[in-house]
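Step one of this worksheet: look at the structure below.
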Amino acid sequence: MNRLSPDGGGDDGNDGSESLASPLLLPQRSLINSTSQVALVGANVCPIESLDYEIAENDVFKQDWRSRGKKQMFQYLFMKWSLCFLVGLIVSVIGFFNNLAVENIAGLKFVVTSNMMLAGRFKMAFFVFSASNLVLTLFATLITAFIAPAAAGSGIPEVVGSISAVSASLVVGKAGPMVHTGACVASLLGQGGSKKYGLTWKWLRFFKNDRDRRDLVTCGSAAGIAAAFRAPVGGVLFALEEMASWWRSALLWRSFFATAVVAIVLRALIDVCLSGKCGLFGKGGLIMFDVYSASITYHLTDVPSVLLLGVMGGILGSFYNFLLEKVLRMYNFINEKGTVYKILLACLISLFTSCLLFGVPWLGSCQPCPPDALEACPTIGRSGNYKKFQCSSGHYNDLASLIFNTNDDAIRNLFSRNTDSEFHASSVLVFFLICCVLSILSYGIVAPVGLFVPVIVTGASYGRFVGMLFGGRPHSSLNHGLYAVLGAASFLGGSMRMTVSLCVILLELTNNLLLLPLIMLVLLISKTVADAFNGNIYDLIMKAKGFPYLVAHTEPYMRQLTVADVLSGPLWTFHGVEKVGTIVHVLRITKHNGFPVVDECSQDDSRVLYGLILRAHLVELLKRKDGFMSTSAESRGGGVEFSAADFAKRGSGTRDTIDDLEISAEEMEMYVDLHPFTNASPYTVVETMSLAKALVLFRQLGLRHLLVIPKITNRSPVVGILTRHDFMPEHVLGLHPLLFRSRWKRLRLQVPRTFSIF
């Protein structure tokens with residue numbers, strides 16, 4: 001029997017439009033039932049499939065496209081750019097108020113706590129600090145656990161939860177939630193709203209296929225990064241380098257337009273805040289660490305220390321990924337026990353964080369305020385380099401200035417120039433260790449949290465510590481703040497393994513193009529060193545959650561296999577004119593999303609492949625019943641009563657399934673002509689093509705189905721169908737376990753003995 005890969009186990013109930021925001025955040029589900037395969041990879045694979053990015057070029061679609069006039073074409077292009085503008089506008093406003101809320105909530109909390117400490121009420125200050133953090137963390141956890149457990153909502157719960165989590169002094173960031181929020185906003189606009197949340201706009205229901213919607217979601221993710229860091233170019237490059245697996249020039253222009261709108265709107269809103277209209281603490285400027293706008297110089301003698309930063313950043317970043325992956329696996333085990341355990345875990349992490357942030361600064365020493373300080377010393381209850389904490393008048397606690405502060409203010413203090421004598425090396429080292437521990441422990445809780453800012457603050461503290469050890473040499477102009485910037489770049493490169501987008505984001509954050517050569521150097525070195533130990537943090541998290549993500553490169557063992565070696569079945573095909581009862585039977589016993597359509601040649605009784613028809617189109621045909629024929633010999637033309645709008649991709653909500661249809665026994669004996677609704681030009685590969693070559697084709701074209709045809713013509717016209725699950729190592733190595741043993745042996749030989757833990 002011919003073989004076929006199962007496709008899209010979850011397609012019957014959800015069209016996938018809701019899962020377009022951030023897949024990094026869907027719950028883990030089990031697909032692999034074989035215990036040997038589970039033991040092989042250590043994580044089950046979700047039944048998530050690709051979207052139908054390829055347009056089904058059937059007769060109905062072609063007729064609709066030919067009938068479009070200039071007015072319809074202009075409307076189509078106008079809506080594309082208009083939706084990009086709306087995405088940029090909405091995401092920028094959300095990002096601005098996100099930062100504003102964090103500034104005011106966290107600022108009020110620190111002022112109340114500091115005032116109590118000034119009055120000598122230290123126990124009450126700790127109670128208020130820890131209680132407020134616990135309440136904020138609990139609020140963020142409850143929103144995530146009960147309102148948006150699958151992280152597939154409107155984006156509003158994610159924004160509110162992110163504000164609460166960041167304001168709770170957890171070592172987490174808001175860049176990740178902003179990316180997801182931008183994707184949610186774009187998804188809602190692209191599908192005309194959401195019936196689930198009572199937000200629907202008929203005039204926006206213009207994009208009716210996965211290609212246009214996914215392009216808009218990519219623009220939304222780029223706008224999210226731009227709103228989080230006020231880095232428009234960095235947002236575009238982040239979407240190109242990390243978010244999108246398929247890119248084209250038209251998408252580049254639209255995403256750049258969306259991020260440009262974000263930059264302009266944010267600039268206007270920040271100007272409003274500078275006039276003092278955004279609350280007691282709201283200045284709107286914490287999304288940019290503008291601390292290096294002045295000119296800097298560096299020499300050839302500074303290169304060795306920069307190289308050391310890159311190497312150490314790669315080693316520390318890979319070790320950070322290793323620890324984070326282990327903690328996330330442990331958290332997954334705890335979270336599977338139920339919602340109560342998720343909430344308890346988040347509360348314990350909040351209490352532990354509060355104890356460290358409030359207790360560790362007591363170990364720091366009090367230092368006299370510098371006479372040439374450019375700001376008030378000490379600073380009480382607000383951002384600044386000189387936190388008073390428990391010190392007497394005219395003195396400040398350098399450790400509290402880093403720990404007892406928001407993440408943004410801590411980064412600002414570490415990046416600041418002309419502050420080489422303000423922090424002790426021991427204080428910076430303690431802060432680095434605390435950031436590592438708390439960021440790893442805080443990321444896995446059930447709340448909308450990000451990794452970007454925690455990695456930046458951890459890398460900045462490590463870089464400043466290295467600068468204290470090696471800085472201050474003769475003929476060196478690198479100050480401790482510049483070492484902090486380079487340390488953040490090296491740690492980002494070692495953990496996230498991005499180069500171009502990270503480089504531009506850091507340049508836009510620090511507002512100094514003169515740092516470009518040094519940042520490029522440390523990013524390249526740290527990424528190269530870290531790649532020798534493990535994958536980037538996003539790939540490790542997706543693997544731990546079981547997401548079937550296709551990496552850009554092919555594994556060496558894939559060159560030893562052909563596509564026929566990984567096909568599994570059984571294969572289900574339809575005739576060009578098929579019996580209704582047969583279609584209903586196949587749809588009920590399978591969950592495949594696509595089916596080959598095969599025609600019989602009357603001349604030599606051979607069979608030819610006509611094309612591929614989608615499950616959703618078959619369900620729509622059975623629902624409408626307009627194309628039913630009493631005999632199979634009737635002439636074609638079943639598509640006359642249909643238009644392309646009938647087969648358009650719906651928005652959010654549950655769509656019709658085969659079990660929702662009512663078909664009589666008489667209708668079961670009728671026939672339907674599938675030719676007008678079949679994609680007559682699907683992508684095909686010959687069965688002898690190497691698996692590596694097929695993977696490159698599948699990924700770069702953004703396919704969901706790849707038909708496999710035989711090498712010999714006298715066989716069945718189609719051998720099977722490849723989907724993304726057929727390229728996953730869990731599937732391939734499960735079918736060929738000898739390749740797994742040789743692969744594991746080769747990996748062990750490649751890893752140095754000292755770092756075998758990776």
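Glycine too: its Cβ is placed from the backbone N, Cα and C atoms.
Any TrEMBL annotation is an automated prediction that lacks curation.
Owing to the predicted nature of the structure, the values given are computational and were not obtained by experimental measurement.
Taken straight from TrEMBL:
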DOMAIN    677-738  domain 'CBS'
TRANSMEM  76-97  transmembrane segment
TRANSMEM  124-148  transmembrane segment
TRANSMEM  216-239  transmembrane segment
TRANSMEM  251-269  transmembrane segment
TRANSMEM  306-323  transmembrane segment
TRANSMEM  343-364  transmembrane segment
TRANSMEM  429-462  transmembrane segment
TRANSMEM  482-507  transmembrane segment
TRANSMEM  513-533  transmembrane segment
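A contact between the transmembrane segment (124-148) and the transmembrane segment (429-462) is present, since 3 or more of their C-beta pairs, 6 or more residues apart, lie under 8 Å. Of the two recorded stretches, the transmembrane segment (251-269) lies close to the transmembrane segment (216-239), with three or more CB pairs under 8 Å once pairs fewer than 6 apart in sequence are set aside. Between the transmembrane segment (216-239) and the transmembrane segment (482-507) there are at least 3 Cβ pairs closer than 8 Å, counting only pairs 6 or more residues apart in sequence, which means the two stretches are in contact. Within its own chain, the transmembrane segment (76-97) has Cβ neighbours under 8 Å at 68, 155, 159, 178, 181-182, 185-186, 189-190, 204, 206-207, 212, 216, 219-220, 223-224, 226-228, 254-255, 257-263, 265-266, 269-270, 284, 287, counting only residues six or more beyond its boundaries. Here the listed stretches are 306-323, 429-462, 482-507, and the one with the most C-beta pairs under 8 angstroms to the transmembrane segment (343-364) is 429-462. Residues 137, 140-141, 144-145, 151, 157-159, 161-162, 164-166, 170-180, 228, 312-313, 316, 320, 323-324, 327-328, 330-332, 335, 342-343, 345-346, 349, 352-353, 356, 360, 363, 399, 402-403, 407-408, 410-411, 414-415, 484-485, 487-492, 495-496, 537 of the same chain lie 6+ residues outside the transmembrane segment (429-462) yet bring a C-beta within less than 8 angstroms of a C-beta in it. Confidence in the domain 'CBS' (677-738), given as mean pLDDT, stands at 88.
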